Amino acid sequence: MVRCGCALLRKYGNFIDNLRIFTKGGSGGMGYPRLGGEGGRGGDVWVVAHKNMTLKQLKNKYPQKRFVAGGGANSRVSALQGSKGKDCEVPAPVGISVTDENGQVLGELNKEEDRVLVAKGGLGGKLHTNFLPLKGQKRIVHLDLKVIADVGLVGFPNAGKSSLLSRVSHATPVIADYAFTTLRPELGKIMYNDFKQISVADLPGLIEGAHMNKGMGHKFLKHLERTRQLLFVVDISGFQLSSVTPYRTAFETIILLTKELELYKEELQTKPALLAINKMDLPDAQVKLQELMKQLLSPEDFLHLFETKMIPEKALEFQHIVPISTVTGEGIAELKSCIRKALDEQDGKESDAHRSKQLLNLQSSS
């Protein structure tokens, strides 16, 4: 068990999803008191989104992780107004949340060329500074990557999430018959006949206690924050992490996964959710499916079997429940159709909400 944990840490270390950098705006230029000349303002430091950039590439390219903008030009006889210092741009991947040392969000990079100002340059010397320049702002900045996708796959290890991703998209994640095969987020796209594309993120499997960062839970759970919908993937035969951990039925895994999301961030429970019940090719799968459906239809009749701390405050209501087999392909086409339908419905609701908001703004301004 310890050996597995060490391997997980080593391999996951190759994928960087958080980077701490030092930034400093440029100092202002000297003023020219005799002629009233003003020094140029120091350059600013910006974090800018680049499509093909990764945090690992950023770290390798700038191992010191220091980004300092240029100083403003001094005022002189031939140029009384000093020119502004050169800005410094920090290239970062799309999907970055930029925060300071106190956790305050400075901005987000949701698409290519989005930019966030992280350190301002100092003022140039002028009358109210006695023509003395000011230093630029210093700031420690955290770049936190959160995968952006339409659908995020949620499940315990070895539930078949990677196999499902390879079935519904052209992604080629590592697939094996043991836990923790996926050690970093994998992205794939579902392609439809009308050229519609839906992005799907396969996240490393969660374990009980993920909300407390067990099994790197925080590294994994945070990637669900920017997905529009959740797709739970559950093994119909249940789950057991190891011989020393309790066996969980399919129903128990759903309850526990819901609780983990709730304890990490309650907002995750407000996301629309679907359920894929995997491994329907196994013996007795149909019998277990009938039992699971009965439990899902009336969960309150079975929650007394759980410890109080394991019961979520609010049970998730799945928009669609689809039995599948990633081995035989059973239910895959239906699942893709349900994913499309659920997202189309969500698009419609978001459009209606946007139109209502615009109408209210027009009414209040008239």
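Backbone N, Cα and C define each Cβ position, glycine as well.
Summarising the annotation, Swiss-Prot assigns GTP binding site to 155-162, 202-206, 278-281. The compositional bias 'Basic and acidic residues' annotation in Swiss-Prot covers 346-355. Residues or ranges marked as domain 'Obg' in Swiss-Prot (evidence: sequence analysis): 13-148. The domain 'OBG-type G' annotation in Swiss-Prot covers 149-344. The region 'Disordered' annotation in Swiss-Prot covers 346-366.
The Cβ of M280 (GTP binding site) has 20 other Cβ atoms within 10 Å, all protein chains considered.
Residue counts of the domain 'Obg' (13-148) by helix, strand and coil are 10 helix, 51 strand, 75 coil (DSSP-based). Within 10 Å of the C-beta of L203 (GTP binding site) we count 23 further C-beta atoms, all protein chains included. Cβ neighbour count for N158 (GTP binding site) (all protein chains, 10 Å cutoff from its Cβ): 21.
The average per-residue pLDDT of the prediction over the domain 'Obg' (13-148) is 93, rounded to a whole number.
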